């Protein structure tokens with residue numbers, strides 16, 4: 001299941017979303033944007049851990065019909081009265097296609113959920129994908145960095161590394 005702290009990529013920087021006014025309608029937009037099904041809950045108070053750095057969004061007020069969180073009414077980017085103890089989260093109904101949505105071009109925004117696996121925080125700050133494989137959970141590992149996708153060198157690559165990728169992509 002897709003669940004975790006919501007983070008947005010804006011102005012070439014990842015940041016969190018404040019839970020002021022955060023509700024199921026806001027979570028619905030996040031779950032839809034990440035192709036994770038319907039929103040089951042919209043936890044606040046940093047239930048999935050405190051982020052760090054900038055808090056990009058505050059007083060988010062989605063109608064639930066928006067296709068992107070950045071399209072929802074909110075305070076100006078980076079203007080807030082919050083601290084990271086108020087980071088917003090989501091719990092979505094599905095996980096099969098849950099992913100980080102990378103910015104398609106410089107200057108555009110992206111959305112991520114910082115996932116929790118087995119009690120440890122596995123950051124989705126570095127979007128990962130599998131390509132040229134027989135299915136969604138097999139293929140060459142690529143990471144999104146500096147506005148482009150690139151391969152991962154296999155030096156010292158082992159089962160533990162593969163396990164992290166599989167968990168990040170919800171592939172078991």
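Each Cβ is built from the backbone N, Cα and C atoms, and glycine gets one as well.
Straight from TrEMBL, the features:
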type	residues	note
DOMAIN	1-93	domain 'SRCR'
DISULFID	18-82	disulfide bond
DISULFID	31-92	disulfide bond
DISULFID	62-72	disulfide bond
DOMAIN	128-172	domain 'SRCR'
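Structure with TrEMBL features highlighted.
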residue : record         : Cβ contacts under 8 Å, 6 or more apart
18      : disulfide bond : 55, 57, 58, 59, 60, 80, 82, 86, 87, 88
31      : disulfide bond : 2, 37, 38, 39, 90, 92, 93
62      : disulfide bond : 25, 26, 28, 29, 69, 72, 73
Problem set entry | Fewest Cβ neighbours within 10 Å, where candidates are the disulfide-bonded residues 72, 92 | 72
Exercise. Would you list the DSSP helix, strand and coil counts for the residues of the domain 'SRCR' (1-93)?
Worked result: 16 helix, 25 strand, 52 coil
Exercise. In the domain 'SRCR' (128-172), how many residues does DSSP assign to helix, to strand and to coil?
Worked result: 10 helix, 14 strand, 21 coil
